[in-house]
Structures are given as structure tokens and as C-alpha cells.
Amino acid sequence: MNPIRWLGELLEKTHWSFVVAIVVIYGINQGFGYALAKVGTDYYMKDVQKLQPSESQVYLQIARIPWFIKPFWGLFTDIVPFFGYHRRPYFILAGIVGILSMLFLSLHEKLHIGLALLSLMAGNAGGAIADVTVDACIANQSVTHRSLAPHIQSLCSMSSSIGALIGYSLSGVFLHLIGPKGVYGLLSIPYGLMLLVGILLDEQRALTDYTQVPKKFSDAIMRMRTTLKRQDVWGQCFYMFISFALSLNIHEALFNWETDSKAGPSFSQEAVGFISSIGSVGSLLGAILYQHSLKTHPIRSLLFWAQLFLGVSGMLDLVLILRLNLKLGIPDMLFAIINESVFQLVQNLKWLTFYVITSKLCPSDIEGTFFALVMSIDNLGNSSSEWLGASLLCYLNVTSTQFDKLWQAILIRNVMRIAPLCFLSLVPNVGEDSESGLSSLQDNEILEPRNVELTPLIASASS
């Protein structure tokens with residue numbers, strides 16, 4: 001099915017405001033906004049706050065704490081409505097918090113690192129609230145229209161990839177013209193559109209009985225606990241965590257080497273943005289490849305090859321660090337683009353597989369909470385990767401000026417990326433379009449667990 005056709009099917013079977021919400025949250029906020037924020041924050045931490053690579057990674061993960069407590073936001077969006085609405089008020093709240101935090105970062109000179117972290121945390125809180133809210137909408141639609149689940153995830157991925165492509169393309173220019181703090185001011189615009197989504201979203205108003213909120217909290221926690229006891233569910237969650245946690249992240253050291261090291265290519269701000277923008281094409285190609293060729297393949301097979309290629313492709317960083325690409329006659333810019341594109345393609349295929357499974361795991365009526373719980377495991381895995389990577393850099397004494405052992409860090413990271421394959425058997429070996437077994441996790445099925453396989457669950461998706 002071509003993109004125009006399945007997009008038309010989404011508009012026909014859902015509502016245009018749902019599609020707009022995905023484009024705004026995934027495309028503009030998490031795609032375009034994340035691209036600007038990522039490059040801008042790298043330079044903000046390096047040039048404005050003057051932090052070492054390992055320090056920067058640790059501080060940035062502290063700022064991401066709101067993403068770790070996504071189940072908390074999910075519980076509120078599912079259980080605590082405002083004025084009869086479960087989703088719209090949270091989009092509005094997220095937009096307001098994000099606008100204020102970005103403007104605060106932008107307008108203050110020589111901001112203390114503590115206040116900067118608080119502002120970044122507030123911005124991440126806005127992003128996390130909006131993310132869990134739109135994910136609840138996605139999970140609900142994926143359960144209601146099960147055949148649309150892969151199409152919805154493809155729309156999310158393509159929106160994010162196109163947004164990132166545009167964001168990375170312009171990031172270098174914006175950094176050169178207005179600097180890192182100016183970029184933060186610009187990021188208030190995606191949050192403004194987030195607020196607009198809350199105003200426009202089509203949502204049926206429900207009767208509000210706040211006396212039932214404590215009981216609903218208790219029931220939601222019980223249902224999540226019962227669902228997580230299923231071997232296929234906790235096995236999937238454990239593999240998700242371990243596959244991200246063991247993929248050690250040493251990005252800040254590589255960034256400093258590429259921009260500041262005399263032995264490196266000394267990429268400019270515009271070059272960094274250009275490399276990331278072209279690299280994000282790999283992410284878009286991954287979404288297209290998944291939609292047209294891979295969405296019906298067995299999940300375990302997809303995850304095996306994605307994780308294996310992730311480890312093998314990491315050797316490209318080693319080639320760049322050792323300057324072997326120059327000996328092969330490949331310019332630094334071209335090689336860096338190839339490296340980034342391959343990484344983005346493989347990583348997006350892995351993320352898409354996890355997202356489709358997760359959207360189908362969600363019990364009815366607590367979609368936001370359960371999706372947020374599983375995705376918080378994902379976020380915790382990524383942050384563990386950052387912390388472990390920072391620890392490795394400290395152990396090897398890799399700093400913003402000392403890169404002698406960076407090649408060792410890359411080798412260790414690549415081996416660790418392949419290690420999660422030892423736990424791949426925990427993931428059910430089924431096709432993502434499978435419809436057999438549990439068609440959905442209804443209330444009576446959750447509260448009275450039976451020995452059923454995850455096949456039907458499979459039939460229901462990130463500074």
C-alpha cells in the first residue's frame with residue numbers, strides 16, 4: 001500500500017485531528033524540535049556550560065528524569081480528566097510548560113548549571129506529557145483498528161524522520177545565526193503547536209466522577225501488574241531494556257573529537273547539522289523499508305538482524321577515529337554521512353518493531369498508562385546506556401582534550417551492542433501482523449490471567 005493510500009485510510013477510519021496530533025508531536029516536536037535541541041544542547045553544554053563529555057552525558061540524563069516517570073503521566077491522562085476530557089487538557093498543559101521553560105533558557109545570560117537543568121527538566125516534562133498523551137491516543141486506535149497499527153507507527157516514524165531531516169538541515173544555520181540559547185527560544189514554537197493540538201483534538205467528553213479516581217488508580221495498577229506477570233510481556237520488556245542499556249552511548253566524546261580534536265575532521269556547526277540531516281534520511285528509509293517489506297516478518301528475526309547490524313556498523317566509528325577512511329580515499333564528510341545514515345536506518349527499524357509490539361500490549365482503558373510504563377523501560381534503558389557510556393569514558397580517561405583511548409571505548413561499545421542477542425529468546429517469534437490468540441486485553445482477561453501466548457498482543461507502539 002502506497003503512503004497516500006494508507007494515509008487516506010487513516011483519515012477515513014480515525015479523525016483528521018488525530019493525524020494532525022501525530023504530525024505535530026512526532027514530526028514537529030520530537031522530529032524537528034529534537035533535532036534542533038540535540039545539536040543546540042551539544043554546543044550549549046560544550047561551549048556555554050564548559051562541561052566535559054562524561055559530565056555532559058550525566059547532566060543530560062538527569063534532565064531526562066521526566067521521561068522515566070511516564071507511567072505517572074499516563075495514570076493521570078487515563079484516570080484524571082479535566083472538564084470531562086482525558087487528552088486535550090494534557091496537551092495544553094504540556095505546551096504551556098514547554099514554552100515557559102524554553103523561553104527561560106533562551107533569555108537568561110550565564111545561567112547556572114542547576115537552573116539550566118531544571119529548565120531542561122521542565123521542557124522534558126512537557127515533551128513527556130505530550131508524548132504519553134499522543135501514545136495513549138495511538139494505542140487506543142491500534143486496539144480499535146488493529147489492521148491500522150503498522151500504518152499508524154509508520155506515520156509516526158515518517159513524521160519524526162522528515163521532521164528530523166528538516167531540523168538537522170537548519171540546525172547548523174540557526175546555531176551560527178542565533179547561537180544555542182537562540183535555538184532554545186525557537187523551540188518554544190513546537191510547544192505552541194502542541195498547545196494548539198489540545199485545542200483542536202477531537203475527543204468525546206465524558207462524565208467526571210472524581211470520587212472514583214482512587215479506585216481507578218488501584219484497578220489500573222492491578223491490571224498493569226497482572227499483565228506484566230505474563231512471561232511473554234515481561235520477557236519483551238526485559239529484552240527492550242537490556243538491548244538499549246548495553247548499547248553504550250559515547251556520543252559526547254565522539255562529538256568533541258569530531259569538532260575540537262586536532263587529529264579529527266574539525267567539523268563546523270553547519271557541517272554537524274548537515275551530517276545529521278542527511279543521516280536522518282537513513283531513519284526515513286528505515287521507516288519506508290519497514291512499511292513496505294518488513295512489517296510482516298517475525299519479530300525475533302527483525303530484532304536479531306537489527307541488533308547485529310547495530311554492533312557491526314559501530315565499526316565505522318573506529319574507521320573514522322583511526323583515519324582509515326582517508327587511506328581509502330573517502331573524505332571525512334562523506335564517511336560521516338554514511339556512518340550516520342546506516343546507524344539511523346538500523347536504529348529506526350529496531351524502534352519501530354518495539355513500538356508496534358508495545359501498542360498492541362496495552363489493556364483497554366489504561367492505554368496511556370501501560371504504553372508509558374513500557375516506554376519508560378525503553379527510556380531507562382537509553383539513560384542506562386548514557387550512564388554506562390559516561391562511566392566507560394571516565395575509566396578510560398577520555399575527556400574533551402584527551403582522545404588517546406577513544407578507540408578502545410568504541411570497541412567495547414560495539415561488543416556490548418551484540419551482547420543482548422543472548423536474551424533474544426525471551427521475545428516471541430511471531431509475525432507483527434499476527435491476529436491469533438488474545439485479540440485484546442479486556443478487563444476480564446487481565447484480572448483472570450490464563451496461559452495464552454503473546455501472538456494477539458502483537459496484533460496491537462525519545463536530548
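Glycine is no exception: its Cβ is also placed from the backbone N, Cα and C atoms.
Features as listed in TrEMBL:
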| type | residues | note |
| --- | --- | --- |
| TRANSMEM | 16-37 | transmembrane segment |
| TRANSMEM | 90-107 | transmembrane segment |
| TRANSMEM | 113-134 | transmembrane segment |
| TRANSMEM | 155-177 | transmembrane segment |
| TRANSMEM | 183-201 | transmembrane segment |
| TRANSMEM | 233-251 | transmembrane segment |
| TRANSMEM | 271-290 | transmembrane segment |
| TRANSMEM | 302-324 | transmembrane segment |
How about the transmembrane segment (183-201) and the transmembrane segment (113-134): do they have 3 or more C-beta pairs under 8 A, pairs 6 or more apart in sequence? yes
Could you check whether the transmembrane segment (113-134) and the transmembrane segment (16-37) come into contact, where contact means at least 3 Cβ pairs under 8 Å with the two residues of each pair 6 or more apart in sequence? yes
Can you say which of 233-251, 271-290, 302-324 has the most Cβ pairs under 8 Å with the transmembrane segment (155-177)? 271-290
